[in-house]
Every structure is written in structure tokens, then in C-alpha cells.
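**Q** Below, the features straight out of Swiss-Prot:
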{"type": "BINDING", "residues": "CYS203, CYS219, CYS222, CYS224", "note": "[2Fe-2S] cluster binding site"}
{"type": "REGION", "residues": "1-161", "note": "region 'N-terminal SAM-like domain'"}
{"type": "REGION", "residues": "123-168", "note": "region 'Disordered'"}
{"type": "REGION", "residues": "162-197", "note": "region 'Linker'"}
{"type": "REGION", "residues": "203-224", "note": "region 'Fe-S binding site A'"}
{"type": "REGION", "residues": "285-299", "note": "region 'Fe-S binding site B'"}
{"type": "MOTIF", "residues": "285-288", "note": "motif 'Cx2C motif 1'"}
{"type": "MOTIF", "residues": "296-299", "note": "motif 'Cx2C motif 2'"}
Amino acid sequence: MPAPVPPTAFAQPSGPATQLVLGSMQRAPEYQALLTSLKSAAPPSSSVQGEMVDRILDNATTLPPPPLTIHLVLPLPLPPNLLSAIPPSTQIFIHIPADSESQLGALHSALASHSFTPVLPTPSPSTLAYTSPSAPSLPTVASDPSPAPSSSTPVTLSGARPLQLRRNGDKARKAALWAIDSPLIPDGGKSLLTPADRTRPDCVFPAENGKPVKRRRACKDCTCGLKELEQEEEAQTSAAVQEAQKAFFLEGDDDIPENLKKATEGMEGIWPADKRAEAKKTSSCGSCYLGDAFRCSSCPYLGLPPFKPGEQVQVSIGDDI
């Protein structure tokens, strides 16, 4: 550990300033010793504060307002974001740790890259003094005095610049940006259309004054072709209903009565094609045919699990009906 520096070596000729000691856990004993010595020698008009550098870098706390003097009791190299967080025109004292002469060159280069100015002479061989760069001032634009305006001289503002009009870009580039057809597709994208895209949509007129629009029906002696369109639409609807009934009729765990459903031999649970159109639901609840258990109070199979038509039902004494 280097020899301790007397606190009077860090006195500021410009007046009292807040002294902040930034330390780390790697150099905790040196940090505590310097903080104690500065507090014992500080005049009543100045204050000495201590803070861990990680709290400053993590924005857990902020630096005191200027005027400010910062003591860095940190291992080398210094954290990359520390130098940029130091306020302008702030004097810093870097307390060099022992056996770190090989890293002094990189330290001076880092300080010079951030425009820190060295302060000579240094308080001690183990302490470096630097001053952070001052805040940049706003540039002032000097303007020549303009003559008094007259009736023949146009009035212009001092320091005004001529208005720069934006020139039109390449017209071919703009046209390609908004083009509908792509040169990458030879047919202009027509091959990407599906049969559903090519189908002409139905013309449905919206309701007026809240009254629904009635659909025009074909006459008995229709000759305009509307009757054929209605028949084709009804055929498509009927085919869709029959297709939807297939999935229902092919279920083998329903309980439709036997007089409405007769399975073919060897294909139990499969309805014959001629019986599918004749089958209708007769249940009041509509759940028994969907494979649900018998739950209606008037059902003779109340409490039994669903079974297939034609299956022999055996109820044991232990069953709770």
C-alpha cells in the first residue's frame, strides 16, 4: 500500500467544494482510510461524502452538484463509463494502487481520449490530478450590419439563408415503388389467384332505413334463368346438409331407437344409405343421440350408460338406478 497523502495536499484554492470519494470493494481499506482522513481535516464549510462506484454507474444515486472534487480509489483499469459521467470542469484525484505501473500508460491514454487535462505538480507520486473538460459553449453567428431598407432594396433578415427546394427524385424509381405489377412475376401475379378469387361475389344490397331488403324470387313460369339458379343453390344446400349428417349418423355410440336405425350385418354402428335420409330425432332433450348418458326423468334407461342399438342391456342388483 502506498504512503498516505496528507489531506492538505488536496486543498482547493478556489474555495470550499464538496469532496466525493468513490471506492470499490477491491480497495475498501484504502477507501475507508482516505474518507476518514478527509473528514477529519475538512473545514466546516465543506462536506466530504463517500460512495461506491457501482451505485453511480447503475444510476442508483447521482453525483453532488458542483463545485465538486472527486477522489477515485479504484482498481485499474477504470470503468469505461465512469469518465463520461464526471461533470465538466471537475478536478479528480486518482489514487494509484500498488504494483500498477504497467497500467499507467493505458490510464493516461483513456484520460486524454476524454479530453482530461493533467494538473501539475501532482500531490504525490501515487496520486494523479486531472481536470475534466469544460462544457462546450454554443457557437455565436456573427452577422454583418445591413444597410437601412429602402423602397428599391428588398428587405432581408440578417443571417438568413436562401430556401433550398427539394428536387424531385428519379421518376422511374418512384414509378417502380408504386407499380402494381412486379417484374419478378411474368404474368403479373395472375398465377397466384385461386378459383375462389376468380369467383364473382354475390351482389347483396344493404338495407335502407332499417328495413331488410327482400330477395327476389323466381316466377312460376320463369324464363330469365333465376329459377335454375335457385334450384342449383338448393341442391348445394341439401348436399351440404347430407354431408354434415354423415358424421352424425356414422357414430356408433348413439342410442337412437331401433325402429329408426337398422345397422347392416357385420357393420354394427354403420347406417345404410337408404336409412340416413329417413332418420329424425325424436328425443325431447336431444342429448341421448349424441352419446350422452340417460338423464331424463321419463327415460326408461335412466341412470344407465349409453349403449348401441341392439345391444342387450343387463342391469345387476348392485347398479344404482
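Glycine too: its Cβ is placed from the backbone N, Cα and C atoms.
Just tell me what is around each of these and how deep it sits.
**A** The secondary structure of CYS224 ([2Fe-2S] cluster binding site), as reduced to three states from DSSP, is coil rather than helix or strand. Note on CYS224 ([2Fe-2S] cluster binding site): other Cβ atoms within 10 Å of its Cβ, all shown chains, come to 9.
When averaged over the region 'Fe-S binding site B' (285-299), pLDDT in the model lands at 61.
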**Q** Within 10 Å of the Cβ of CYS222 ([2Fe-2S] cluster binding site), how many other Cβ atoms are there?
**A** 13
